[in-house]
Each structure stands twice: as C-alpha cells, then as structure tokens.
C-alpha cells in the first residue's frame, strides 16, 4: 500500500475531526455541515478499502498535522493562503431538496466511474430539471456534492452522487454521468433541462433550451445506454 495514500487518509480523518468540533460548537453553516456529512461517508468507505481503523488514523493524522504546524512559519502560511484560490459552494437546491428522502417505483442504478446514477424508470412524459450542489474553483465545477432530477411538481426522479468508497472525480466524470442520466430519462419521453448554474460551471456556457452542450463522446455514451435498454426489453418480450 502506498504510504502517501495512508498518510493522506490519516490527515483527512484528523481534519474531519476538527471540522466536527466546529459543528458541535455551532460555528459551521449549512454547506459546511453538508460537506462534513458526505466526507464522513467517504472516510468510512476509504477506511474499509484500506483496512484502516478511523480512530487510530485520526490520532496519527493529528501527529502529522502538529509536526507540520510546528515547522510552519506565519509568513509561509500567509504566502500559501494568498497564492491558493478559494473554492466556492454553489447551491442549486435548497436544504430541504438536498436532504429529502425519495423512493423509486422502478429503480435503476448504474455506476459510472466514481459516481452512482439512480433513476426511476416509471417516470414518463414529464418536464424535468437537473439541479446540483457543488464546489467551484477557477469558475469551473470542482466537486459534485449531489445532483438531483426534479419534475415540475417537485418530485425527485433521479440522482447522481459520489461513491463514498471511490473518492475523487473530475468534471468530465460529472458530465459523462449527466449524459447517462439524461439518456435514461429521455428514453421514457421526458423532456430534460439542466439548470443554468450547472451549465455555466460544468460546460462554461448556457443553452436557452436548458440542454447541456454534450460532447460527441458523451452523446455516444447516451446512445449506448439507450441501445442496451432496447436489447433488454426485447429479450424480456
């Protein structure tokens, strides 16, 4: 096992513990709390994958951080903070939309790289809007927190979320997953639009009809998803 992978996990565990103390003292806002909950799931998955105990890793992570802070000068810290751009948290969804439980009449789940796509195949002939909460850096999507598909009535009919056991994803991973989700929804004659905020930070542009400017590769992925469903339906008949 790579030592950097282990030390990164240990430091992440300790930093999560510090952030938890901030929340316990009621000093964190809603986005801070949301990231804390999702990072907890991610750490549990990573710990299981690496075979490491989170409590023990937290103690080692504390030692690593204390050693770095002891050697770090205030001047170096100021220079680092000044040269590192800060990420922003973008919220398409309200706290209620983000935390609401939902269920599927005809569930389908697909793993696309480090992301999990869930869709209710019972939904037909609906106008659907994709909205997401995510972080942004350099005016580009950095990390997807959660994406959900909503009908005009407000029902949740689809979702894209990071896999807790597979930390890290790229903007291309997110766009590919969105392409698969759109393909699955459009197969049932639904009309799918993407929020302007998500279009702007994922694709760098917005489309008036709400459709994302998918690349040829993403369109081929949508087509493959649709064709595989056609074959399964024929076999079922």
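Using N, Cα and C of the backbone, Cβ positions are placed for all residues, glycine too.
Features as listed in Swiss-Prot:
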| type | residues | note |
| --- | --- | --- |
| COMPBIAS | 217-237 | compositional bias 'Basic residues' |
| REGION | 1-73 | region 'RNA-binding and homodimerization' |
| REGION | 180-215 | region 'CPSF4-binding' |
| REGION | 205-237 | region 'Disordered' |
| REGION | 223-230 | region 'PABPN1-binding' |
| MOTIF | 34-38 | motif 'Nuclear localization signal' |
| MOTIF | 137-146 | motif 'Nuclear export signal' |
**OP:** Tally the residues of the motif 'Nuclear localization signal' (34-38) by DSSP class, grouping H, G and I as helix, E and B as strand, and everything else as coil.
**Re:** 5 helix, 0 strand, 0 coil
Original post:
Could you count the residues of the motif 'Nuclear export signal' (137-146) that DSSP puts in helix, in strand and in coil?
Top reply: 0 helix, 8 strand, 2 coil
